[in-house]
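Input: a single structure, listed below in structure tokens.
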Amino acid sequence: MAMFESFWRIGLFLAMSAQGVLGQSVQMDSIKSGFVGSQVELRCQFMNSRPPVKISQVTWQKFLNGTKQNVAIANPALGVSVLPPFKDRVSFKHPAVRQRTPLLEDTTIVFNNLRLSDEAAYICEYTTFPAGNRENMVNLTVFARPLTRMTLTTPTIIARSQKRKMTVATCVSANGKPPSVIKWETKLKGEFNLQETRNPNGTVTVRSSYIVTPSRETHRQKLTCIVTYRNERITDSVILNVQYEPDVKIDGFDENWYLNRQDVQLTCNADANPAVTIYQWKLLNGSLPNNVEIKNNTLFFKGPVTNDLAGSYVCDATNSIGTRSGRVDVNVTDYPNNPPTREMPQEQHNSGAIIGAIVGGVVLLGAAGILLFVFLRRRQRTFKGDYSTKKHVFGNGYSKAGGLPAHPPLPKNLQYPDDSDDEKKPAQIGESGGYEGDGDFDGEAEDLKRPYFTVDEGESHEFDDRTLTFQYDPEPEIADDMVSQTDGSVISKKEWYV
């Protein structure tokens, strides 16, 4: 109600100023604010007219719940007076107001050590002659920064087997104005509640509690309270310390205990907070074998495995919270059953993977090099000349104009010198070892015995009547090496691909 009345008076004064009733004589800020304990200035300036009026007195008043209360007075003849309960905290800003002959055009006051009770509307009133009273008003809002804290419900949280929910932490933002907003940030699966309490001085205390079911999974989990006050963000965190009974597991039995196997053992591993203080081993429906040695949480079986080792082994683990048990059923076989493969260490596995990658890369690079070599080799063997170059056959009557006639018959006898092992060299006809035939000389037959060789078009050579004999079969040479063309010439395949 008081706040409504304050704003109503502000609106009234603004409306009167707009209508020219008060004019622009007194200038003030419409709204001012500050925090508890801080300092705030309330401005008040008088704009005198021409000719100027005489200022008889300036009065500051607190307006709250329809009631006015004097705060400070400045009189040119009587001086300055600040009334209780503001006397120790309110003063005029400018020293000229406190002089023997004061200047009262600026009578701004300063509040020190601001209190929540200072929140109200304040009127600055000028008494003038002959114009009368002139006044204006400012509304002062006081904020209170809250005190934020987060606490654990108990220093130690115990997880019970009943799985009951409990409050593990509480976040409080106390005595704030305006009230704060509280949120929680955590990976825990829980819930929270919210409670606001309005205090007599106008502040608000906000309280939020986080509720979870304590368990082994909630141990060492982080819980963060986030408090938002106006534009500020305040965080506080705790790490939960949850105590719980041991969670027991027996390791060491690999389903492959066979007769005469050496160095077997069973280990009782327990996850507990606080740590396990007592381990106890027992064999159901019997006593532990004689060759068993107990060290801490491990059973060592000395010597070879025998059938006496078979049975159900139980480990009891105890801490200050309680006792829990683990069990493993051991059976003994005559022979190994799927011998356990030795697991490769992680570093060795990583090293093997790296080596395999390197070897694979080298193999790929080698294959690519071989393929490139073969490709380049084949390109070198590919004919790069002019396919229009024609080869004409001389020595046996072939010509560019004629076609390829039937191959001449083979000679009956060819003689070669005896001093050649690598290549048979022909001898001239008529010499010793030459061609032996009929006594009569057959020119056509002799012409067919001449060797085959080619020349490029346009080349001109003089050939004599000498005829050489070679030891080779002319049929494969012509048939395999020469290719007939449509214009009557032939092209050697060797010329294509060499």
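Residue numbering: from 1, along the chain as shown.
Just so you know, glycine gets a Cβ as well, placed from its N, Cα and C.
Across the domain 'Ig-like' (37-141), DSSP classifies residues as 7 helix, 56 strand, 42 coil. Positions annotated as domain 'Ig-like' by TrEMBL: 37-141 (among others).
Taken together, the residues of the domain 'Ig-like' (146-241) have an average pLDDT of 94. What TrEMBL records for 146-241 (among others) is domain 'Ig-like'.
For 246-333 (among others), the entry in TrEMBL reads domain 'Ig-like'.
For 400-444, the entry in TrEMBL reads region 'Disordered'.
Annotation source TrEMBL lists signal peptide at 1-23.
Per TrEMBL, the feature transmembrane segment maps to 353-376. Tertiary neighbourhood of the transmembrane segment (353-376): none, as no same-chain residue meets a CB-CB distance under 8 Å with a gap of 6+ residues from either end.
Helix, strand and coil residue tallies for the domain 'Ig-like' (146-241), in that order: 3 helix, 59 strand, 34 coil [DSSP].
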